[in-house]
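Asks: Here you go, one structure.
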Amino acid sequence: MLNLRFIQENPELVIEKLKKKNFDAAGIVGQIIDLYKKKNEIQAKADQVKAEMNKLSKEIGQLFREGKQAEANAAKERTTELKDTIKQLDDSFATIDEQVFELQVQLPNLPADLVPAGRTPEDNVTVKSGGELPTLGADKLPHWELAGKYNLIDFELGVKLTGAGFPVYKGKGAKLQRALINFFLNEAEKAGYLEIQPPLMVNEDSGFGTGQLPDKEGQMYHVTEDNLYLIPTAEVPVTNLYRDVIVEAKDLPVKNTAYSACFRREAGSYGKDVRGLNRLHQFDKVEIVQIAHPDNSYAILEEMVAHVESLVQKLGLPYRILRLCGGDMSFTSALTYDFEVYSAAQEKWLEVSSVSNFESFQANRLKLRYRDEQTKKPVIAHTLNGSALALPRIVAALLENNQTPEGIRVPEVLVPFCGFDLIN
RNA sequence: GGAGAGAUGGCAGAGUGGUCGAAUGCGGCGGUCUUGAAAACCGUUGAUCUUCACGGGUCCGGGGGUUCGAAUCCCUCUCUCUCCGCCA
């Protein structure tokens, strides 16, 4: 959520920057400025009348204490009109306040200057790539067939239990999941992140805080009986840990990591994109989250990207890092790097991580602040997060890229965690 | 699920209609003393909106109401605790 004052003071800047996200903000910004002005006028008036009322009330109290009943009662009559005025002003203030808010939440975050212009994934910029593309024989199999051949993942059983997109992992398939989760958590811990085990359901306030609500209402599973949402990512609970919190500047950056199952309705997805592990309704992910001082949030973004890069390197996967263009970025992000790994049998790049700086956009909603060391005043912090990493597509690429006639080779770094180096 | 109690500043905790944004203690910050530290003592210490500023407004779990005036009374929701029931 953009700051109202900022919008009011920099309307042209907001409109200009949002063009890069292919968002025409002119109308909304204009309305916000008009309403904001009106809102302030009403508040000024209301404050004035309330001040008068407070003064009068004190006088009446004084008169009663002095036993001047008649004068007190006379003064009471004068308050009637003030009360009405206050009620009216408060009502119109509330109405306008709500209108402003509704417009305010429609504005996406401003893209950073680094963000390339563009509309579609084709316009994303590859900033780096690494690893060797494997050359597989003609008998190469896609991961869903490998998963069946080696009895690692049963998609049909998942359909029986729940539905499409809820796979059942078995044997070495299940162990590989556990190994990856442990490996990722260990790496995060080594990089200074505190491990968190968060709830998998959150309330509405949390959904709003990180920007899933009201924007992506339909993408989350909603438990209506208790009005709770299944988390689409650990980002939601882990970032909301700091909702309504003022952090001491010396405690920045705050670095948290969490493994969680993630639940996504993925309404609107179809076809070959959802084959096998490519797109699931439930999947496992280790997330890293940082709360940063605004002065160095971009340095921290680079640090997080480097951390994720180290993971795909250690797993020996060919990867590329993309800087997302304005049109492909999320609503809440200011700058996002996507990681893709190459899935050699499908012969396509799969997104396995998204690392973003949200600047103050989430923190504004969360009221997440730090106390400035000089002024001692609370200032809105910056939040960042990234997948480190999401499992399913990593598994897809590992299975496909490492297939050999003898079986599937397990990356060395995972062997201590899963206890085998070959799936056969 | 049933019965009862409760929700106040970073924490603990007072406050049952006016002078209460709120006593007191702890914690934090600054200082005195000290070679330094501790102890002791003194001072200071919530957030937010608005205004160039002075100032003014709002906030005692959320929402609504009564009243000239609400932390305090009423209604409602949420949450927490205790006991009972159920249970991984």
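Along the chain as shown, the residues are counted starting at 1.
Placed from the backbone N, Cα and C atoms, the Cβ positions cover glycine too.
Please treat TrEMBL annotations as automatic predictions, because they have not gone through curation.
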Asks: Suppose a student reads TrEMBL and sees A:THR233, A:GLU287, A:ASN385 listed for L-serine. Which of A:ARG264, A:ARG265, A:ARG409 should they find annotated at that same site?
Replies: A:ARG264
Asks: Kindly state the mean pLDDT of the coiled coil (A:32-92) in the predicted structure.
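Replies: In the predicted model, the coiled coil (A:32-92) has a mean pLDDT of 89.
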Asks: Taking only the residues the record lists as binding ATP, namely A:ARG264, A:ARG265, A:GLU266, A:GLU351, A:VAL352, A:SER353, A:SER354, what is the largest Cα to Cα distance between any two of them, in Å to the nearest whole number?
Replies: 19
Asks: Need this for a regression test: binding-site residues A:THR233, A:ARG264, A:ASN385, filtered to those with Cα within 10 Å of A:SER354 (ATP binding site). What's left?
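Replies: Qualifying among A:THR233, A:ARG264, A:ASN385: A:ASN385.
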Asks: Cα of A:ARG265 (ATP binding site) to Cα of A:ASN385 (L-serine binding site): how many Å, rounded?
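Replies: A:ARG265 (ATP binding site) and A:ASN385 (L-serine binding site) have their Cα atoms 21 Å apart.
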Asks: Relative to the Cβ position of A:SER353 (ATP binding site), how many further Cβ atoms are located within 10 Å?
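Replies: I count 29 other Cβ atoms within 10 Å of it.
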Asks: Express the distance between the Cα positions of A:THR233 (L-serine binding site) and A:GLU266 (ATP binding site) as a whole number of Å.
Replies: 13
